[in-house]
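Engineer: There's a structure below that I have some questions on.
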Amino acid sequence: MQEGKNIWSLILAAIRKELSEEEFYIWFENLYFIDAIGENIKIATPNSFHKNQVEKRFSKRIKEILIEKGHSTINVEFIHSQNELKDHNTESKDISLKAITHQQDLQTKNKDIKTHAKNIINNTKQYSIKEEIHIKYRNPFLKKKYTFENFIIGTNNKLAYNASLSIAKNPGKKYNPCLIYGGVGLGKTHLLQSIGNKTEELHKEFKILYVTAENFLNEFVESIKTNETKRFKKKYRHLDMLLLDDIHDLQKKEGIQEELFHTFNALYEDNKQMVFTCDRQPSELVNFTDRLKSRFTRGLNVDISKPNFELRVAIIEKKAEEDGIKVPKNILNLVAKKVTTNIRDLEAAVTKLKAHIDLEDIEIDTNIVDKIIKEIIAYENDNTNTPNKINIENIKKVILRELKLTNKDIEGNSKKPEITKARHIYAYLLRNFTELSTIEIGKIIGGKTHSTVLYSINKIDKDRNKNLEINNLIIELMNKINKN
């Protein structure tokens, strides 16, 4: 029994490293170990849909992990229905108690799990297919690091900040819906997440869900494939607050726009708060239904513009303080003067300064700053290209030529470190040079899953900030793609 638990813990630890926080929470946080008989490990799932999805998405990877860890003969079985539980000689009473214990463990780890879940289990004598554990929607997606307290206010974002704070204090009252629009890296997501976190603090009974437009789309498509559209509609139309990030990603996608239209109406009629973010005004959205655009303009539309010099200085100072580095005033002003794009680039500049200090053990001077600024400006210029300007085949040609690989390498399943690294880079470049979704990118790279592509993109993004060699390689590849 104990060995089985240990093996399951190894599997969870390995998968956690490969998935985003929200994906791991969605698929693995509410699974629990039941028993281990011989070489079979039994894992209980909260409902049949969850069981089917975990098997479909992760069975192959779990088997690979078992082989890697030296447990090739072990089999992991996911169970749900009462009949299955009885087949495994597990009394329904025991399962109910284990479910309660598991639920209490989850509540200890995460205070925001719906207390309703515990009531459901405590008030039932058996764990059956109809008695699902309902976990509060909001929690996996809200990141506690985003708060109103650490949002730096300036003339470019003060109105958006004040509106967001007002919404969190009085959701569904004044500004419903609210749409915050502006360029990349200006703080839209920070404000959106801050609304969720503050509302959660002030209105503990609220069902709050933050979701990106891409994940909203992916979940909708998946619900169609699995005939679970009713579950999807119920999830999104019974919220107290919907926070939908990057709605511009839904352009040219009529099906999901139709679903969002009906979700909007359902929430609006019930006076439930909705906040959206976009990289442009609703009127500028392309291939977006007029009736949906008109819904966005019913409430408050507020923009965030690029930070002015004073705000840029404040942002750099705060980031430097968080990273534990001292930036001389002349260097600080130089970065603020040269990097005028957005907050993300300002913070990236400080991160790169820290990398130079930590990895090369040198003092910051204007030469280093100039080099870093050139890298950031080159990266921004690279990302101004549209999918029409950058051909997907050009990206592939550069990757194959510069990294000395073949089509089979880049689209196959080789585990060789250099090939795996190349696939990560390929996914990252496709994401940055095109408007392809992670699902579409996965198809290009040999049928990889959404979670695999997301892992690749996030890995390269993190590596660029802490590994100068990787960062220089990416910049070099980007330059060659532009020239190709």
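Positions of Cβ are set from backbone N, Cα and C atoms, glycine also.
Just so it is clear, the model here is predicted, and its values are computed rather than measured.
Got these off Swiss-Prot a minute ago, pasting:
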type: BINDING; residues: Gly185, Gly187, Lys188, Thr189; note: ATP binding site
type: REGION; residues: 1-73; note: region 'Domain I, interacts with DnaA modulators'
type: REGION; residues: 73-140; note: region 'Domain II'
type: REGION; residues: 141-357; note: region 'Domain III, AAA+ region'
type: REGION; residues: 358-484; note: region 'Domain IV, binds dsDNA'
Engineer: DSSP on the region 'Domain IV, binds dsDNA' (358-484): how many residues come out helix, how many strand, how many coil?
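Structural biologist: Split into helix, strand and coil, the region 'Domain IV, binds dsDNA' (358-484) gives 94 helix, 0 strand, 33 coil.
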Engineer: For the region 'Domain I, interacts with DnaA modulators' (1-73), report the average pLDDT of the model, please.
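Structural biologist: Computed over the region 'Domain I, interacts with DnaA modulators' (1-73), the mean pLDDT is 84 on the 0 to 100 scale.
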Engineer: Compute the centroid of the Cβ atoms of Gly185, Gly187, Lys188, Thr189, then list the same-chain residues not in that set whose Cβ lies within 8 Å of it, in sequence order, for the ATP site.
Structural biologist: Gly182, Val184, Leu186, His190, Leu191, Thr277, Ile304, Asn342, Ile343, Arg344
Engineer: Other than its own, how many Cβ atoms are within 10 Å of the Cβ belonging to Thr189 (ATP binding site)?
Structural biologist: 18
Engineer: Which one, from the binding-site residues Gly185, Gly187, has the smallest tally of other C-beta atoms lying within 10 Å of its C-beta?
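Structural biologist: So among Gly185, Gly187, the binding-site residues given, the one with the fewest Cβ atoms within 10 Å is Gly185.
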Engineer: For Lys188 (ATP binding site), name the DSSP secondary structure in the helix/strand/coil scheme.
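Structural biologist: The three-state answer is helix.
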Engineer: Write out the long-range same-chain contacts of Lys188 (ATP binding site), meaning residues 6 or more apart in sequence whose Cβ is under 8 Å from its Cβ.
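Structural biologist: Listed in sequence order, they are Ile180, Tyr181, Gly182, Asp245, Thr277, Ile304.
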